[in-house]
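Annotated pyridoxal 5'-phosphate binding site per Swiss-Prot: Gly108, Phe109, Ser180, Asp205, Asp206, Ala207, His208, Thr236, Leu237, Ser238, Lys239, in sequence order. What Swiss-Prot records for His133, Thr353 is substrate binding site, and it gives similarity to another entry as the kind of evidence. Sequence annotations record features per position, and here Swiss-Prot assigns N6-(pyridoxal phosphate)lysine to Lys239.
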Amino acid sequence: MKEFTYLQDELETMKQQGTHQTLKEIDSKQSSTVTLNEQSVIQLSSNNYLGLTSHPRLMKAAKEAIDEFGAGTGSVRTIAGTMTMHERLEKKLAAFKKTEAALVFQSGFTTNQGVLSSILTKDDIVISDELNHASIIDGIRLTKADKKVYGHANMEELEKILKKSMNYRVRLIVTDGVFSMDGDIAPLSEIVRLAEAYDAFVMVDDAHASGVLGENGRGTVNHFKLDGRVHIQVGTLSKAVGVLGGYVAGSAVLIDYLKHKARPFLFSTSHPPAVTRACEEAIEVLLDEPERIETLWENAAYFKEKVIGLGFEVAPTETPIIPMMIGDEALTFRFSKALIERGVFAQGIAFPTVAKGKARIRAIITAEHTKEELDRALTIIEEEAKKLNILD
């Protein structure tokens, strides 16, 4: 049988450069601490912002759903895979996001792909922030629309593109709400102002803002008091919500169209009952326990202040994403490995996830972290950084 020698060669190069990674196997519930390699470590790499992955109400809802409805649905949504709970979840999401309707996909990644590839044609143009998530980039690649990229959060450049693109049928501005690698928030008020001035649509990917920003975690649109002025809101059910999946919220016309045209929706089996019911319960928890979001922000502010005090260069974050900039990729991964060995799970992030020379340790703070855990992590981070001459 023919071998994949060309792939093996590339893997060997990655190993020589110190950028080859192995998957970390966790053997516990996802929480502020996890079991990794039979060792308890402080978790600083999870997107479990509010600690909902192991919330008793979500776990109870999932268990009861399995007992009543089974392990799976056995079909796609458009044939025999739509249960009452799927429709109920989508109505809850629409109400939560203050839109007319919503549609759930298998992941946030496929949501962006499904939306972008469905609603744009060769007569249209999509205008994207240069630091948008990979799922947006891949979704744009699936369209036949023209593409323009503006410099990160550069509103002058965005306006120039809008002025030069008046002849297109549809112009769609796409942006992350919170940028996942740097933790900064999109200037959405200005984006919406420009969109309204130049008759363009706006799409926001709120993966890292849902459950984090806005009233009860409603996201970036609500954070900027722009409810009703953003055409497409994409979110995940796998980060702050704590379960699995993605969704799009918007007008009834948009959602009805996507039900007929979005290929990831049309050709994927629907969410199993346990996942669906847990997602439903998570929305209720967001409404019932706003103190979780308050604690999240308190912990994030505390950790950020301490990290800067240690002397780290921190990306211009405005959220619980705290990127400690290292630069060199191999050094970043050595640092990450040293931290894990000392009991701090803080994953190194490097090219192609971020630009070359922009490698970093990305810490994500959660509502579950105690001050004692954060202080312990900070002590270990400082000690290992000094050993590697990252800090003086």
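We count from 1, first residue shown onward.
Positions of Cβ are set from backbone N, Cα and C atoms, glycine also.
According to DSSP, Gly108 (pyridoxal 5'-phosphate binding site) is assigned to a helical segment. In terms of local Cβ density within 10 Å, His208 ranks first among the binding-site residues His133, His208. Of the binding-site residues Ser180, Thr353, Ser180 has the largest number of other Cβ atoms within 10 Å of its own Cβ. The two recorded residues, Lys239 (pyridoxal 5'-phosphate binding site) and Thr353 (substrate binding site), show a Cα separation of 18 Å. Looking at the residues that bind pyridoxal 5'-phosphate per the record, Gly108, Phe109, Ser180, Asp205, Asp206, Ala207, His208, Thr236, Leu237, Ser238, Lys239, the two CA atoms farthest apart are separated by 16 Å. The Cβ of Leu237 has fewer other Cβ atoms within 10 Å than any other of the binding-site residues Asp206, Leu237. Counting only same-chain residues six or more apart in sequence, the Cβ atoms lying under 8 angstroms from the Cβ of Gly108 (pyridoxal 5'-phosphate binding site) belong to Ser135, Asp205, Ala207, Val234, Gly235, Thr236, Ser238, Gly245, Gly246.
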